[in-house]
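Presented below is the structure to which this report refers.
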Amino acid sequence: MSTLPLYPSLARFMCAELTRGYFLEHNEAKYTERRERVYTCMRIPRELEKLMVFGLFLCLDAFLYVFTLLPLRVLLALLRLLTLPCCGLSGSRLLQPAQVCDILKGLIMVLCYSMMHYVDYSMMYHLIRAQSVIKLYIIYNMLEVADRLFSSFGQDILDALYWTATEPKERKRDSLGVIPHFIMAVLYVFLHAILIMVQASTLNVAFNSHNKSLLTIMMSNNFVEIKGSVFKKFEKNNLFQMSNSDIKERFTNYVLLLIVCLRNMEQFSWNPDHLWVLLPDVLMVITSEVAVDVIKHAFITKFNEITANVYSEYRASLAFDLVSSRQKNACTDYSDSVARRMGFIPLPLAVLLIRVVMSSVKVEGALSYSCVFLFYLGLVTLKVLNSIVLLGTSCVYVKQANMEDKLFEKPPTPGPGKTPSDLWSQHSSPTPSGTSSITSQPTPPDQDNHAPLPPDTPEQKEGDGIEGTELKHRNTKKDLLDVDRFTICGNRID
């Protein structure tokens, strides 16, 4: 191998630079890892959209339940109340707990719908339209934050009402009573419906503005979300919460776009030509939402070294909720489990949609009522078909994830001083050696050996009192089935 002379010339230096070579195979592991990162980013859109589509159909199923099966279940519960003097009591309860919850939901819907009649949508629209663009942009951002806070606290209010109304009488009750909880639930659903109405009115103003500046600013706000999420540390559970939040946000935006289209079509006397005027703006909103979600998840998985297969685990966890809610010993309704997992509460959105449809569509005459009845039958058919397809698909996902055994596990009863979540964490048993659970982390090898631990030193004993309580609160949930949408709302656990 020749060496350069002591005083090399410029020609030799240029020749050495032009002919210098290197071998990438000397660092094969690094370049292979970089190539796998590129392939992972290319797989993210497909895997993410598969999760999104499955989650959107779950939200649609819970949303259609309010319009189709819930009224029928309320009628059956009322019929049971009316026939009690004739049939007599078959047990200690007048109604089953599920029937009590159905009647409460029906009463909340009726009361909130009657209260929404006193809110003028047109006056709210013109009041918002009179504001400046920057003020509307700030208002829209505040509404998004308020919607998340309302959803977080609202499901707790509804769960507290259901449990207070169905709690066994032999137990000692330490609650306020059914009437105060019912009033709080009605106020929550009414205020949340008004909040969504303001969101829909702001989006309607953006659609009808002449220069579309407000709509452009609102779309650019989605890309600001990338800056706030991409450069944070995320674990699998955090990403699962963010994915659920994105599913709920996308479905809510679709319903808001439907409300905007209904209001605009009513103003133009249901002229089909105006629908083609709205279509480009609708497509722009949907496209920007999809693009932001894809970019955000692609870079989060890249920076945190998370594989694209994690979205199949998320899909299996959502499917497990659906399958477990169909069992005879289910501890919650399916729509409530979707609300807890994704933060999607269908009652306020359903109240607002009924209010907008009833004010936009005039029903007069026998033919109109016949069309409404046929439309209701169509919704019931869509709900049943959607539920059947979702249930079959969910069974496939649960079977692929080897989670069938968890379906037959009985929930433990909480003892004094223990919460149900603590018991579930203790109750979850490791999977057999032949199979591996997708929703749980592998156990380190040292935890399998039951060797006696060394005695604690005095310094460790002194630190146990201080650090012990901190570790109890900082203990994260490793099982995706224990991850709640309202626990952190998509942010870091620690």
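Cβ from N, Cα, C; glycine included.
Annotations in TrEMBL come from automatic prediction, not curation.
If one looks beyond the transmembrane segment (51-68) by at least 6 residues along the same chain, the residues whose Cβ comes under 8 Å of a Cβ in the stretch are 105, 109, 243-244, 246-248, 250-251, 254-255, 293, 311, 314-315, 318-319, 322, 334-335, 338-339, 342, 344, 346-347, 349-350, 376, 379-380, 382-383, 386-387, 389-390, 393. Residues or ranges marked as transmembrane segment in TrEMBL: 51-68 (among others).
Per TrEMBL, transmembrane segment is recorded for 178-198 (among others).
If you look at the transmembrane segment (344-361), the same-chain residues 6 or more away from its ends with a CB under 8 A from one of its CBs are 59, 62-63, 65-67, 105, 108-109, 112-113, 116-117, 121, 150-151, 154-155, 158, 189-190, 192-193, 195-197, 200, 247-248, 251-252, 255, 258-259, 262-263, 265-266, 335, 338. Summarising the annotation, TrEMBL assigns transmembrane segment to 344-361 (among others).
The transmembrane segment annotation in TrEMBL covers 373-398 (among others). Nonlocal intrachain contacts for the transmembrane segment (373-398), taken as residues 6+ away from its ends with a CB within less than 8 angstroms of a stretch CB, comprise 54, 57-58, 60-61, 64-65, 67-69, 312, 315-316, 318-320, 322-323, 326, 404, 407.
The region 'Disordered' annotation in TrEMBL covers 407-476.
The compositional bias 'Low complexity' annotation in TrEMBL covers 418-441.
Per TrEMBL, the feature compositional bias 'Basic and acidic residues' maps to 458-476.
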